[in-house]
Amino acid sequence: MEHTYQYAWIIPFVPLPVTMSIGLGLLLVPTATKNLRRMWAFPSVSLLSIVMVFSADLSIQQINGSSIYQYLCSWTINNDFSLEFGHLIDPLTSIMSILITTVGIMVLIYSDNYMSHDQGYLRFFAYMSFSNTSMLGLVTSSNLIQIHIFWELVGMCSYLLIGFWFTRPIAANACQKAFVTNRVGDFGLLLGILGFYWITGSLEFRDLFEIFNNLIHTNGVNSLFATLCAFLLFVGAVAKSAQFPLHVWLPDAMEGPTPISALIHAATMVAAGIFLVARLLPIFTVIPYIMNLISLLGIITVLLGATLALAQKDIKRSLAYSTMSQLGYTMLAPGIGSYRAALFHLITHAYSKALLFLGSGSIIHSMEPIVGYSPDKSQNMVLMGGLTKYVPITKTTFLLGTLSLCGIPPLACFWSKDEILNDSWLYSPIFAIIACSTAGLTAFYMFRMYLLTFEGHLHIRFQNYSGTKNSSFCSISIWGKEGPEPVKKKLLLSVMNNNQKVSFFSKKIYQIDGNVRNLMRSFSTHFDNKDTSMYPCESDNTMLFPLLVLVLFTLFVGSIGIPFDQVGSDFDILSKWLTPSINLLHQNSNYSVDWYEFVTNAIYSVSISYFGIFIASLLYGSVYSSFQNLDLINSFVKIGPKRLFLDRIINVIYNWSYNRGYIDVFYATFLTKGIRGLAELTNFFDRRVIDGITNGVGIASFFVGEGIKYVGGGRISSYLFVYLSYVSTFLLIYYFYFLNR
């Protein structure tokens, strides 16, 4: 066992040769490297599989009762200062390593087919391998210096991956937005590290925790300064894990390829912030203000992410806001003292969200030959629908991922989310009510996404999209329609004009531009043809295999944390796994409950989830297809004060969700413009005032010199006479005025 731990330092560097080989190959032999580009997927997957096996071995040893292992190598700079580098193997490290490698392998296998026709195929695999290296280095770090080094590398890789298609201006802006937003968090993290080194004199975790806890208990440190330093450390996690108010980069990060979105949202960048909070929780627990702040920002993010997902039409952006909300749950858990539930939900959400993102990539892949290769079309759920018969395997896997995220038993996220909800009742009833309500919203917007994508009919096939003639195609729009006639707001099932596109969960009708209309007309001319190439097709087996594997994880990974305490059985593997870390936090490690208590607690949360699914099915399902007479529907929808008031409320909710809660507008209006205004004011002051003074002195000196040079008439003797006269005058003034006072 000791032998295995000693060589754990190699874990982060195993995937690195792929990045180096691709870089050197493109530099030295670019033609041969590009001709053999498809071969690079094999070493990428193989090397990461080696890390997975190594991590699995370490995890088994941790579960069987091994203690925390730490290896340090000291680099002495002088007698007063030395840097220690090494690796730390504990339950948190082993959990994160397993998570990173398993999700990473599935994403790499998926990407081999998804990116096969992209010119940046080699660059993609180089970035992905380096991202895995950076994240593995982060989770095995034994001190804050290593954490910061790999933290910056993770941010750099995310910048490169989000801006992978950097020739697209929107992608270039998205990666810059992510980079700048995370600079705020990284700056706070660096200041926090320096502050804690000043307090404790150590950056190594064990010494840091022990010294800081002793100082807090003996009042050996200023509590305000300690709280400030802890807050700065937490700011780094807030930015990385897209917590309010530094969450604005996450939806725009969807401009990268879909496999990148799956990796970032499941196992790398957004997981890094949660990992940092879990790693530094022994510091945060002794500062109540920080724990309260963690739980507060967590619950705000939970609710905000769910509300912003309600009106999204882009399938990837909907999943992005879902990630934001679920990370809020994961951040809420450590804030309320539920360390185990936080890591449990991090695990279950990672596999479910990876499944959903890769499933969305399969959907996008099937839609691109029909609607074109623009993300505005291929990712638009308004143009989807009825995909069940075209992509049945993708549909089944996506449904299971959706049900898992909704919290439906026995899928993975049910077990972890239910534990967080139960613990939130013990912490604060207000927080618990918000968390439970958001569980219902999660079920609503996730099933909305599923129904718009797979149920009904393929929306783009209807002739009203082609512009050829009117149709009786009806769309559900609970937001109402914008127009001068009152009757337009009367219909829940509204007939769309031939130049208008269906706006699900939207209050507005958008005109279809000429290019889209021509594309749709081209499709409609082939509609009566038997050529099946114009229909969505199921993805290749290389893309379906990772989906099926992730389905297995989604089905069974929740079993590692089942908290049942039965005689002769021990289901709770996760608690055994986390025992050393829980003991370090001095918490009660007894998480077991009996069957009756568990079922009683679960009924409430599952009922809320089913209610959200029911509402989504009512509004977006096929229930309206049975009503052939619109008057039957309209008879239930009469214009009146209550109806108008309800419309106003719905429109307010829609505007809030569609406009991202106006947070981006606020930043653009006050922060960005304010900084630019300050920069312009500073530039004006520098050019007009500072430069004006210096240039004015120079110009004045020039003209004075030009004026007095004629006094001497051009003769040296005259210049000397004038010079000596002035010197004598100043000396006399100095003598009589200053010395005789």
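Every residue number used here counts from 1 along the chain in the order it is shown.
Glycine too: its Cβ is placed from the backbone N, Cα and C atoms.
Feature annotation from Swiss-Prot assigns transmembrane segment to 9-29 (among others); the stated evidence is sequence analysis. Within the same chain, residues 40, 43-44, 47-48, 50-51, 54-55, 71, 86-87, 97, 122-123, 125-127, 129-130, 132-134, 136-137, 140, 150 sit at least 6 positions outside the transmembrane segment (9-29) and bring their C-beta atoms closer than 8 Å to a C-beta of that stretch.
If you look up Swiss-Prot, you'll see 40-60 (among others) marked as transmembrane segment. Counting only same-chain residues 6+ beyond the ends of the transmembrane segment (40-60), those with a CB under 8 A from a CB of the stretch are 4-5, 8, 11, 14-15, 17-18, 21-22, 89, 93-95, 97-98, 101-102, 104-105, 108-109, 111-112, 122, 125, 128-129, 132, 136, 577.
Long-range Cβ contacts of the transmembrane segment (89-109) within its own chain (Cβ-Cβ under 8 Å, at least 6 residues beyond either end) map to 5, 8, 11, 41, 44-45, 48-49, 51-52, 55-56, 58-59, 62, 68-70, 125, 128, 132, 135-136, 139-140, 259, 262-263, 266-268, 271, 275, 278-279, 343, 346-347, 350-351, 354, 358, 542, 545-546, 549-550, 553, 577-581. Sequence annotations record features per position, and here Swiss-Prot assigns transmembrane segment to 89-109 (among others) based on sequence analysis.
If you look up Swiss-Prot, you'll see 122-139 (among others) marked as transmembrane segment. Packing against the transmembrane segment (122-139) from elsewhere in the chain are residues 11-13, 15-16, 18-19, 22-23, 25-26, 33-34, 37, 40-41, 44, 47-48, 51, 92-93, 96-97, 100-101, 104, 107-108, 111, 115, 146-147, 149-151, 153-154, 156-158, 160-161, 164, 257, 259-260, 263, 267-268, 271-272, 275: each is 6 or more residues past its ends and has a CB under 8 Å from a CB in it.
Note on the transmembrane segment (147-167): residues 12, 120, 123-124, 127-128, 130-131, 133-135, 137-138, 141, 174-176, 178-179, 182, 186, 189-190, 193, 236, 240, 252-253, 255-257, 260, 263-264, 268-269, 272, 276, 279 of its chain, located 6 or more positions outside it, place their CB under 8 angstroms from a CB of the stretch. The annotation transmembrane segment is assigned in Swiss-Prot to 147-167 (among others).
Residues 72, 84, 88, 142-145, 147-148, 151-152, 155, 211-212, 215, 221, 225-226, 228-240, 246, 273, 276, 279, 283 of the same chain, all 6+ positions outside the transmembrane segment (185-205), place their C-beta atoms under 8 angstroms from a C-beta of that stretch. What Swiss-Prot lists as transmembrane segment is 185-205 (among others), and the listing cites sequence analysis.
Below 8 angstroms of C-beta separation, residues 151, 181-182, 184-186, 188-189, 191-193, 195-196, 199, 212, 246, 272-274, 276-277, 280, 283-284, 287, 289-290, 293-294, 297, 331 of the same chain, each at least six residues beyond the ends of the transmembrane segment (219-239), sit close to that stretch. Here Swiss-Prot flags 219-239 (among others) as transmembrane segment, drawing on sequence analysis.
Residues or ranges marked as transmembrane segment in Swiss-Prot: 280-300 (among others).
A Cβ distance under 8 Å defines the sequence-distant neighbours of the transmembrane segment (425-445), meaning residues of its chain 6+ beyond its ends; these are 295, 299, 302-303, 306-307, 309-310, 318, 322, 325-326, 329, 332, 336-337, 405-407, 417, 604-605, 608-613, 615-616. The transmembrane segment annotation in Swiss-Prot covers 425-445 (among others).
Residues annotated as transmembrane segment in Swiss-Prot, with sequence analysis given as evidence: 544-564 (among others).
Feature annotation from Swiss-Prot assigns transmembrane segment to 603-623 (among others); the stated evidence is sequence analysis. Residues 406-409, 414, 417-418, 421, 436-437, 439-448, 451-452, 455-456, 476, 478, 504 of the same chain lie 6+ residues outside the transmembrane segment (603-623) yet bring a C-beta within less than 8 angstroms of a C-beta in it.
Annotation source Swiss-Prot lists transmembrane segment at 719-739 (among others).
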